[in-house]
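Features reported for this protein in Swiss-Prot:
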- 27, 34, 139, 344: substrate binding site (BINDING)
- 114, 115, 187, 212, 213, 214, 215, 232, 233, 234, 235: pyridoxal 5'-phosphate binding site (BINDING)
- 235: N6-(pyridoxal phosphate)lysine (MOD_RES)
């Protein structure tokens with residue numbers, strides 16, 4: 001068969017890119033130099049960033065940097081092998097012990113990222129003949145892990161406990177095992193799952209529950225713990241990596257069966273050491289941990305929005321083009337607030353996702369609120 005130029009790889013990519021461009025959905029990487037105190041530089045412009053998940057500003061904390069530097073000098077830049085070979089460094093083992101204690105669990109397992117953790121957990125626990133029930137607004141990696149498991153996967157309406165009960169009643173009887181997937185804090189809406197009700201249903205229907213705590217660790221009251229508590233090291237802890245906290249038998253099983261752990265290089269020792277020191281700070285400086293939520297609530301009160309439930313506040317715009325235009329207008333005023341568009345959020349719900357940090361001050365929060373009142377009065381109302 002002779003080559004068809006119109007069917008080339010580049011032609012395919014160009015056609016798809018043109019479609020994304022036409023619908024204002026093309027993504028581009030923008031070089032951003034983050035600094036301390038919520039500072040960022042992009043395109044030669046100094047900005048105040050409200051688009052970072054470093055909720056406590058610990059990525060630039062001198063104590064965290066010192067811990068990483070010491071581990072870097074002692075253990076080298078990388079782990080050098082998978083954890084089951086020689087990549088299980090002393091900082092990793094120490095971090096797992098501390099994470100388990102923080103979560104009130106017997107053991108913990110650190111992965112290369114939160115995404116990798118969720119790719120590995122569900123397939124290690126359930127498979128064909130089993131059932132997964134997942135909140136429709138769960139993170140992409142929860143859905144990816146569910147798909148890889150080959151279990152029957154059913155979405156339930158966001159935070160809808162009544163529908164979850166209906167689906168459990170309908171499907172649980174024919175499934176060997178059932179796993180419920182949700183988030184403590186939802187990453188694009190900033191709201192929280194009704195965990196007491198979900199955990200009660202899980203008990204009633206003999207189901208297991210995994211809670212993704214990527215955006216909640218250290219910055220919201222955890223409330224009731226789930227049997228499976230996963231999260232990241234890259235947000236509140238200012239480092240990089242993911243983890244699962246659970247019982248010792250569950251962690252032992254995943255050590256053998258989670259493919260995203262077994263077949264990848266271990267986390268760099270410096271990342272583990274940084275996260276370990278950051279966790280110490282979270283536990284010993286509660287006033288710092290409380291600040292992001294307090295600032296988020298100051299912001300929502302100023303704009304007359306529903307009271308923030310977490311450090312994440314969505315400002316709903318609607319059309320992707322309008323969200324991009326508002327983001328650009330804010331950048332011209334010195335604020336970095338990135339537009340979130342489909343498929344990350346549903347069509348027609350493009351937004352600015354405003355993330356608050358202990359590194360922000362009240363003046364910066366108030367200035368952003370005033371800019372939004374002026375630029376997008378239809379999306380906010382002054383309180």
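Just so it is clear, glycine is given a Cβ too, placed from its N, Cα and C backbone atoms.
Taking the features listed in Swiss-Prot, we show where each one sits on the structure.
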{"residue": "27", "record": "substrate binding site", "Cβ contacts under 8 Å, 6 or more apart": "20"}
{"residue": "34", "record": "substrate binding site", "Cβ contacts under 8 Å, 6 or more apart": "40, 49, 52, 54, 59, 60"}
{"residue": "114", "record": "pyridoxal 5'-phosphate binding site", "Cβ contacts under 8 Å, 6 or more apart": "141, 212, 214, 230, 231, 232, 234, 241, 242"}
{"residue": "139", "record": "substrate binding site", "Cβ contacts under 8 Å, 6 or more apart": "118, 183, 187, 212, 214"}
{"residue": "213", "record": "pyridoxal 5'-phosphate binding site", "Cβ contacts under 8 Å, 6 or more apart": "183, 184, 185, 222, 229, 230, 231"}
{"residue": "215", "record": "pyridoxal 5'-phosphate binding site", "Cβ contacts under 8 Å, 6 or more apart": "53, 55, 183, 184, 185, 186, 187, 190, 235, 310, 311, 312"}
{"residue": "233", "record": "pyridoxal 5'-phosphate binding site", "Cβ contacts under 8 Å, 6 or more apart": "95, 110, 239, 240, 241, 242, 243, 271, 272, 275, 278"}
{"residue": "344", "record": "substrate binding site", "Cβ contacts under 8 Å, 6 or more apart": "188"}
Checking the binding-site residues 187, 235 for other Cβ atoms within 10 Å of each Cβ, the smallest tally belongs to 187
Excluding 114, 115, 187, 212, 213, 214, 215, 232, 233, 234, 235, which residues of the same chain place their Cβ within 8 Å of the centroid of the Cβ atoms of the recorded pyridoxal 5'-phosphate site?
-> 53, 217, 231, 242
Where the record says 27, 34, 139, 344 bind substrate, what is the longest distance in Å from one Cα to another among those residues?
-> 25
